[in-house]
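Report on the following structure.
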């Protein structure tokens, strides 16, 4: 049965700041450099494409989030529409993509420190990865994120509001200072179109998938994960999610333009790919003798990633808590502190996993690419779940029903498939294997449950199980520009991805069903329970009606 949500204390503006704070993290410190390194000046379009892809995907999740306003909802939606197996795969991919953000934000802060003019700081990051002292300092930052959330979501929200304002002001000031310092217009167009997109448009699409663009915009889901704490989720979620994406897009395009224009032309004489920065914007500011900006950026290199790291520490704990409600994690992780209403056991588990990621991936670029692809895989179930629920459970409560979703949902699924393809082989194949790595955990809990209804679970999951290896094979056979063998080239690879995506999308929608898990959701409750006032026990029933109305109002709001 559905369990009532926790304390609803987060308003619309605070919810949007949570999303914006998640989007504007270490991505702004490194994303413009990585995107320019991959795609040259055409990286500007990579941000636009990335925002478009994320927006259409986010629209499907906004309707789902309003329908199921519960903490950690992102790992529950597929379970409601397709059952426990698809729900587990989606939840696993989503959790991997989010929990890995905690260490990458700490890595970003320490990596920026490595450009400080002190011998001990230069020893923190060498040969493209953190050293032992760098790992230790990163671990300490992760503990700070942990502490900010340990005593309740309201403490975290109060801190986040101030942090997010600072995080927006510093990038905006950076853009203004670099433009004032002088832009080199020749960086954008000298040599014609080939200079604007020196590695071709294939590199632009690869930049969307691997440079940190998808990774940055992934923060849109933080308001959805905190929907259970939102005062008015139906009204707040669309404003918070779309508002955060649009504000961040304007900021990131401005940063990309400023970065490209501020680079000394002689630095890119050998091509954009030779750019090698430890702390990109700080080093550009130093070259322009903007010492005040250098100091501000060094401070922000702690504040921006730390704000994002703290946000993701909150959301990932609620994801683990939601996975426990899915009966795929130990009961321990479902416990919340009686006073502070935070899932502390889940936080401790995520802390351990964060340390593991920190040890394995010791540089921002490598971990950003992994997170981006895992993120895309986690998005695949959103459009399918939404349309499947419209088809198989049309009567459940829908506080928000978006128009034109019949066209938006398949387009979103195809967009996610294209981004997965753009990530290049062999990364696509490696991440597909990672998605299946947790299957023994799922099978263990199925065994404990006596394999109850497992045949139905498998029948609803075949589309997802076969989709991922199919995309891996397509990536292997695809264009050499995306790491493939070149069997599909000249645009036919895009056509193949789109067609295969639509086939699996249709299969996925048809494979859904009215699952028994819907009784666990707030959408399963009627908005109002009517009682006959002429009933012989009217006074008693009227009292009951008042309680039911109050509870249903809390859920539907």
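Glycine is treated like the rest: Cβ placed from N, Cα and C.
As recorded in TrEMBL:
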TRANSMEM  12-30  transmembrane segment
TRANSMEM  42-64  transmembrane segment
TRANSMEM  85-110  transmembrane segment
TRANSMEM  130-151  transmembrane segment
TRANSMEM  163-183  transmembrane segment
TRANSMEM  237-261  transmembrane segment
TRANSMEM  281-299  transmembrane segment
TRANSMEM  345-361  transmembrane segment
TRANSMEM  400-421  transmembrane segment
TRANSMEM  427-445  transmembrane segment
TRANSMEM  465-484  transmembrane segment
TRANSMEM  490-508  transmembrane segment
Inset, instruction - Answer yes if the transmembrane segment (42-64) and the transmembrane segment (427-445) have at least three CB pairs under 8 Å among residue pairs 6 or more apart in sequence, and no otherwise. - result: no
Legend entry - Positions on the same chain near the transmembrane segment (465-484), where near means CB under 8 A and six or more residues out: 89, 200, 202-203, 205-206, 377, 380, 417, 420-429, 432, 435-436, 493, 496-497, 500, 504, 508
Inset, instruction - Return the stretch with the most CB pairs under 8 A relative to the transmembrane segment (345-361), choosing among 12-30, 130-151, 163-183, 237-261. - result: 130-151
Inset, instruction - For the transmembrane segment (237-261) and the transmembrane segment (490-508), check the count of CB pairs under 8 Å (sequence separation 6 or more) and say whether it reaches 3 or more. - result: no
Legend entry - Same-chain residues near the transmembrane segment (163-183), Cβ under 8 Å, at least 6 residues beyond its ends: 17-18, 20-21, 24-25, 28, 247, 251, 254-255, 257-259, 261-262, 281, 284-285, 288, 290, 293, 296-297, 300, 303-304, 306-307, 310
Inset, instruction - Using Cβ atoms only, state whether the transmembrane segment (130-151) and the transmembrane segment (427-445) have three or more pairs under 8 Å that are 6 or more apart in sequence. - result: no
Legend entry - Other parts of the chain folded back onto the transmembrane segment (85-110), taken as Cβ under 8 Å at six or more residues beyond its ends: 25-26, 29-30, 74-79, 124-125, 130, 134, 137-139, 141-142, 145, 215, 218, 221, 301-302, 305-306, 308-309, 312-313, 315-316, 319-320, 322-323, 326, 328, 350, 353-355, 357-358, 361-364, 367-368, 370-371, 374-375, 377-378, 380-381, 434-435, 438, 442, 457-458, 460-461, 464-465, 517
Legend entry - For the transmembrane segment (12-30), sequence-distant contacts whose Cβ falls under 8 Å of one of its Cβ atoms, 6 or more beyond its ends: 101, 104-105, 107-109, 111-112, 157, 160-161, 163-164, 167-168, 171, 212-213, 215-223, 226, 230-232, 235-237, 239-241, 243-245, 247-248, 251-252, 255, 279-281, 300-301, 304-305, 307-309, 311-312, 315, 364-365, 368
